[in-house]
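First comes the structure, then the notes that go with it.
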Amino acid sequence: MTDFFAGIPQIRYEGEGSSNEFAFRHYNPDEVILGKRMEDHLRFAVAWWHSFAWPGGDPFGGQTFDRPWFGDTLDLAKLKADVAFEMFDILGAPFFCFHDADIRPEGATFAESKRNLEEIVDHIGIRMEGSKTKLLWGTANLFSHRRFMSGAATNPDPDVFAWSAATVKGCMDATMKLGGANYVLWGGREGYETLLNTDLTREAENAGRFLQMVVDYKHKIGFQGTILIEPKPQEPSKHQYDYDVATVYGFLKRFGLEKEVKLNIEQGHAILAGHSFEHELALAASLGILGSIDMNRNDYQSGWDTDQFPHNHPEMALAYYEILRAGGFTTGGTNFDAKIRRQSLDPEDLVLAHVGGMDTCARALKAAARLYEDGSLETARAARYAGWETPEAQAMLASSLEKIEARVLAEGINPEPRSGRQERLENLWNRFV
């Protein structure tokens, strides 16, 4: 036991009437919604990097957090893990996520970093034996170190490609050893700053080959989890190749991997791409590649990825409605890829941020489930497209332009526009949130 969270009680569900800030008002893990426990719908995860590795810096200033585990030794990394599992237990968090660089100190060589990762994974495994918290997904940090400044899989230097591939292998091994449900790839440096020095064709081909190697290794070692790509349009790169759901799907189709890889979709990244979160979720579901989500929010005035904790349950309800329509999570879940503000220095701030985020998502899920169970929205959606269920409409899809023209002329088809009834549906939505 450490004393970092001393005095902070275990967070329990007390209901909407509670005035206890260290309690859940909406998140009741055992509440059954649409035949499934709330915990199993939401599958919350704590992000190791923002919660325990981020020092509180920004582009204009450095570290503001003074954590007792900050440093580059394995002993401090183990202390960080001990503190992390204490918070997981306080929250009753069912899952966590990590990058390799979050959990182990960087070595002077690849071999040393590999040994450090293996040792800390063993330590985390021991902590997991005494905890209910499991691993939602692992990933490799292929963007922070200067060696990755020109990318990892898309780097012009073959040695960086090799280092990156070896790193991913080790992280996949670690994820499998810890029983992870997924493995994530995020290409923060897989993009370009200027076209003047960029070979787009080569970089795409190398990225495709890299991903194929990941899929091949998954099958070779018998990893039963899902490989996930996380889209983001820019930041840190000027233009990232995994721009949004549609772009990544095109990439997967290009290399024949659309049946092997799904997506981890982040709210903040969707906003940066000029989309709503629910748009990206609905599109991924329609393409069969919805895997998991990173839950956070952006400051809409800032124009960059602020990674704040979710606070707007009507907005989140739109997202969870699309997840329910898609059948819910299988291996995926709700990872809080969110960080407290750099002025929020106290241990209590870290716990309460997660309490608020979990309550916001639970409230959103309940609203979405009420509307989904009511069925009114789906009835209206089906009615709008009912004409396509007729034999004539189905036959037309198997016809030709010439035959369709002949039918239009013969039957004197002259369609009248029909209302989309958007305002009615928005009013319906508001009744449930």
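Note: Cβ is positioned from N, Cα and C throughout, glycine not excepted.
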Which residue of ASP199, ASP216, ASP337 does Swiss-Prot report at the same Mg(2+) 1 site as GLU230, GLU266, ASP294?
ASP337
Write out, in the order they occur in the sequence, the residues of the chain not among GLU266, HIS269, ASP305, ASP307 that have a C-beta within 8 Å of the mean position of the C-beta atoms of the recorded Mg(2+) 2 site.
LYS232, GLN267, GLY268, ILE271, LEU272, ASP294, ASN296, ASN298, ASP337
For a quick check of packing: other C-beta atoms within 10 Å of the C-beta of ASP102 (active site), how many?
22
Which are the residues of the chain, GLU230, GLU266, ASP294, ASP337 excluded, whose CB is within 8 A of where the CB atoms of the Mg(2+) 1 site average out, their centroid?
TRP186, LYS232, ASN264, ILE265, GLN267, GLY268, HIS269, ILE293, MET295, ASN296, ASN335
Tell me, in order along the sequence, which recorded positions from HIS99, ASP102, HIS269, ASP305 have their CA within 10 Å of ASP294 (Mg(2+) 1 binding site).
HIS269
Note down the number of other Cβ atoms within 10 Å of the Cβ of ASP307 (Mg(2+) 2 binding site), including every protein chain shown.
21
